[in-house]
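Reading through the structure tokens given below for one structure.
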Amino acid sequence: MDKLSYLNESSGAWHTYLKQIDRVAPYLEHLKEYIDTLKRPKRALIVDVPIVMDDGSIRHFEGFRVQHNLSRGPGKGGIRYHPDVDLNEVMALSAWMTIKSAVLNLPFGGAKGGVRVDPSTLSARELERLTRRYTSEIGHIIGPQKDIPAPDVGTNQHVMGWIMDTYSSSQGYTVTGVVTGKPVHLGGSLGRIKATGRGVYICGVEAAKRVGLELKGSKVAIQGYGNVGSEAAFLFYDAQAMVVAVQDHTGTIYNREGIDISKLNEYVQQFGGVCGFENTENIANEEFWDVDADILIPAALEGQITAHRANRIKASIILEGANGPTYPEADDILIERGKTIVPDVICNAGGVTVSYFEWVQDISSFFWSEAEINHKLDDLMVKAMDEVWNTATKNHCTLRTAAYILACERILTARKERGIFPG
Ligand code: GLU
């Protein structure tokens, strides 16, 4: 297939994604005419986002929304505010959403958006203006039946509320289903904020059971203490695992007897990061990868597990809370070393699964209890883990390739059955 003219495909997260597709291709011989569909996004929009800063000056930010694949339903995926956002990254993240929705069999395609900005440098008013202008720039391609954004790194429920309000203003009526991860008062779902971390934990329980690891007393190391890492940490702590190391933007804390996660959240709220927390020692960030642990949870950004780090990791189970944390070379090394990697496209799918529940609740205007939501989430995640595990066993392949086999089969069958217009 011809390379994309507008992107360097030989590096970055998109390159990692293409390698993952190459690895699944041999298992999809019967659909091979369609596989190139997955190697390019259906639609990619780049927008200029000018805003008036609080001091009266005008600044321009780069914004993106990429709809990777819409064969199985509307686009779905978060919006990231981060200084490293670029087209390459957003394309990869949108593609991983396509795969993720299909692994869980949610009726969505994959999409992702982002603005190249460090949100911590903006005031609340500037952040709101940025969000509203960005929403208005991508407004013609999003919608409850077209493409439904959600939170990601650097965005939260307040940002989703502004997106909902801006989009609704343009339509002339309140459209709650245009975005998920909203505040509960605006049609958000109970359980959504904790859903991704909860999904990581469920995958951990399922993986541990299958490899014969007792969770109680096991050692867990977590990179990232945001929405995903903090909830996963709490659930493992609650199950009497010992969270021995946590890394965030302030540094890495360590206690071989286990960190008191019940108090860590409050500390982070107050001091803005994990460093300095009681009864822990600070270790160098790079030493995090040498920590003696049974379970490792990368829950920050992509491209964290390099070949060099993969050779040092002690954990036997790796739970990918982040999107794309592992380079393909590192994947091979870890598998060679007998590690079990629960890939991002299932491991962090708890978030989009409860986003799906939120969208269904918004459309039907009928809301469920948190217990119902958690129960449905647990059911879907356990079922998907079962399918992925069985597919891996049957095909003698990794869990990542197994997840891709299941997902790509569903996506490409939809492509085939819809046919290529105009035929
Ligand atoms: N940003 C999250 C993810 O990467 C959630 C996406 C969603 O809920 O649509 O899966």
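Residue numbering: from 1, along the chain as shown.
The backbone N, Cα and C atoms fix where each Cβ goes, glycine too.
What TrEMBL records for LYS76, LYS100, SER355 is substrate binding site. Note on LYS100 (substrate binding site): other Cβ atoms within 10 Å of its Cβ, all shown chains, come to 28.
Taken residue by residue with DSSP, LYS112 (active site, proton donor) is part of a strand. What TrEMBL lists as active site, proton donor is LYS112.
Other Cβ atoms within 10 Å of the Cβ of ASP152 (site 'Important for catalysis') number 24 in total over all chains. Annotated site 'Important for catalysis' per TrEMBL: ASP152, in sequence order.
The Cβ of THR196 (NAD(+) binding site) lies under 8 Å from the Cβ of ASN227, VAL228, GLU231, GLY321, ASN348, GLY350, GLY351, each on the same chain and at least six residues away in sequence. Annotation comment: TrEMBL describes THR196, ASN227 as NAD(+) binding site.
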> Counting only other Cβ atoms and using a 10 Å cut-off, which of the binding-site residues ASN227, SER355 scores lowest?
Replying inline: ASN227
> How many angstrom lie between the most widely spaced Cα atoms of the substrate binders LYS76, LYS100, SER355?
Replying inline: 13
> Does DSSP put THR196 (NAD(+) binding site) in a helix, in a strand, or in coil?
Replying inline: helix
> Taking Cα atoms as reference points, which of the recorded positions LYS76, LYS100, ASP152, SER355 is nearest to LYS112 (active site, proton donor)?
Replying inline: LYS76
>> Can you check which residue among the recorded positions LYS76, LYS112 has the largest number of Cβ atoms within 10 Å of its own?
In response: LYS112
> Quick one: Cα separation, LYS100 (substrate binding site) versus ASP152 (site 'Important for catalysis'), in Å?
Replying inline: 15
